[in-house]
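Written below as structure tokens is the structure these notes are about.
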Amino acid sequence: MDFSDDDMIDNKSGEENYSYGGGNESDDYNDVVDTIIPSEKSYVILKEEDILKLQRDDIERVSSILSLSQVEVIVLLLHYNWCVSKVEDEWFTDEERIRKAVGLLKEPVVDFNGGEKDKKCRKVNIQCGICFESYTREEIARVSCGHPYCKTCWAGYITTKIEDGPGCLRVKCPEPSCSAAVGKDMIEDVTETKVNEKYSRYILRSYVEDGKKIKWCPSPGCGYAVEFGGSESSSYDVSCLCSYRFCWNCSEDAHSPVDCDTVSKWIFKNQDESENKNWMLANSKPCPECKRPIEKNDGCNHMTCSAPCGHEFCWICLKAYRRHSGACNRFVVEQAESKRALLQSEIKRYTHYYVRWAENQSSRLKAMRDLEKLQSVQLKELSDNQCTSETQLQFTVDAWLQIIECRRVLKWTYAYGYYLQDLPKRKFFEYLQGEAESGLERLHHCAENELKQFFIKSEDPSDTFNAFRMKLTGLTTVTKTYFENLVKALENGLVDVTHNEFPPDNETKSTQEKYEEYQDYEDDFLETQRLYDEALLSGCYYD
């Protein structure tokens, strides 16, 4: 099987990406990551030529074992998503069934070769099944089924399929009732070079996207892929040569030590439109007359809906104010208000975690830009002003790399904290998180603000700058230690925490009771919303 060296690779989109200048900066970043999340590298970064070699090796292996042509093997591997072992097992179990399933027929359905020995038959023209013109046998092309079509019609048919997208990889004979596969040899024979190259690109992409062992780097414009060889218990975070870090398992931004399920729930919650409905339920009530939502900021409970409605009602019980007794002590009202307060509390809790999650991501992206500026412009200025070589200034780069990775870890700990239900574990987690965050803020402030003074040329820079070097290096080391402790604890599921470590004083009991009350409510959250909506629409709170 031949592949064009000019094959291009389409990639999935990802988050904003920075290359941190040139040289070996991505290696520096990976070294910093390894200090926070120490693990053996269980993946390999693949270039396009590496992928092509792996693909050819698989094709040649199956071709040798099954004694099939490489064209036939490609059809088989495409059908089984490039799983070599499954192809071999299925083929030796029931070859006839597999041939029928993938369209590799042993005998043609239509045979125009019966008169091969008869010289007269060689001169008989054959009618094309698409344009119905007559052609000589040399102008007709067939796949394993034998249905005859002229090469011009074949070219038009296949080109259309390829232009339609990757579905062309499983293209069948043009005869509607025929399931015979169209192989790469036919495509190369009848299509133009440009079309054939596009088909080859689809085959290459299929090897990565349909297989289970390789994935593209999701960073925009990156042509690398990653082959993962770790176990299910190991971290799925990988660092591409383009400097982008992502989770190989779920293709999201790298999120260790937080698991993929938590990340998936968190991202879904952030995108879920029901959060808008929750806010409306918690912070507004429908006018009993026109049903438009009304938000009450402050003041008394006597509400007047805006024009053209003008309906006057009580904010507490929603009863028309002209029939209002001045007391709102019905149990159903108290129950509704209790649920509303619970929703408000949950919204505040979610907002607390979301804001900090988003702010750390924003700070991380800003730190990436600051590092890029430092490496591309400021290191040269700093070297000139402080009369020292750029290699002696690597500690500033290390500090920024540490900041970037710590911001990433801290960002995802807020998603972890949102779903952490065990109160003793939550206390210990928040302690570790707080220590790590405080250390990171000191490091970030030092790198961002205290470094600025040294871009101004000084007559005697050495003493002050050396003191700064020691401070920044020390903060980098301390912050790394804080985050190592945090990551290790989260990876172990905070197993070292026991309930005895946090005796249930009165305040803890109260918090526990409130938390359990919320959990009981959350288990039946959708049903509560439905009943609450029905109650509002039916007007049971103000009749």
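Glycine residues also receive a Cβ, built from the backbone N, Cα and C atoms like all the rest.
The active site annotation in Swiss-Prot covers CYS300. Taking the Cβ of CYS300 (active site) as centre and 10 Å as the limit, one finds 8 other Cβ atoms among all the protein chains shown.
Per Swiss-Prot, Zn(2+) 1 binding site is recorded for CYS128, CYS131, CYS150, CYS153, and the stated evidence type is sequence analysis. Mapped onto three states, the DSSP output places CYS150 (Zn(2+) 1 binding site) in strand. In this view, CYS150 (Zn(2+) 1 binding site) is surrounded by 23 other Cβ atoms within 10 Å of its Cβ, with every protein chain counted.
The Zn(2+) 2 binding site annotation in Swiss-Prot covers CYS145, HIS147, CYS173, CYS178. Within the same chain, the residues at least 6 positions away from CYS145 (Zn(2+) 2 binding site) whose Cβ sits under 8 Å from its Cβ are LEU105, PRO108, VAL109, VAL110, CYS173, GLU175, CYS178, ALA180, listed in sequence order.
According to Swiss-Prot, the Zn(2+) 3 binding site annotation covers CYS217, CYS222, CYS240, CYS242, on the basis of sequence analysis.
Annotation source Swiss-Prot lists Zn(2+) 4 binding site at CYS247, CYS250, HIS255, CYS260. The Cβ neighbour count for CYS260 (Zn(2+) 4 binding site), using a 10 Å radius and every protein chain shown, is 15.
Annotation comment: Swiss-Prot describes CYS287, CYS290, CYS305, CYS309 as Zn(2+) 5 binding site. There are 18 other Cβ atoms within 10 Å of the Cβ belonging to CYS305 (Zn(2+) 5 binding site).
Residues or ranges marked as Zn(2+) 6 binding site by Swiss-Prot on the basis of sequence analysis: CYS314, CYS317, HIS324, CYS328. DSSP assigns CYS314 (Zn(2+) 6 binding site) to a strand segment in the three-state reduction.
Under the heading region 'Disordered', Swiss-Prot lists 1-26.
Feature annotation from Swiss-Prot assigns region 'TRIAD supradomain' to 124-332.
Residues or ranges marked as zinc finger in Swiss-Prot: 128-178 (among others).
Mean model confidence of the zinc finger (197-260) amounts to 89 (pLDDT, 0 to 100 scale). As annotated by Swiss-Prot, zinc finger applies to 197-260 (among others).
The feature zinc finger is assigned by Swiss-Prot to 287-317 (among others).
Cβ neighbour count for CYS178 (Zn(2+) 2 binding site): 17 (other Cβ atoms within 10 Å of its Cβ, all protein chains included). Here the candidates are the binding-site residues CYS247, CYS250, CYS305, and by Cα distance the one nearest CYS150 (Zn(2+) 1 binding site) turns out to be CYS250. Taking the centre of the Cβ atoms of CYS145, HIS147, CYS173, CYS178 as the Zn(2+) 2 site, the nearby residues of that chain (Cβ within 8 Å, site residues left out) are VAL109, VAL110, ARG142, VAL143, SER144, GLY146, LYS172, PRO174, GLU175, SER179, ALA180. As a summary of secondary structure, the zinc finger (197-260) carries 14 helix, 14 strand, 36 coil according to DSSP. On its own chain, HIS147 (Zn(2+) 2 binding site) has VAL109, VAL110, GLY129, CYS173, PRO174, GLU175, CYS178, ALA180 as residues at least 6 apart in sequence with a Cβ closer than 8 Å to its own Cβ.
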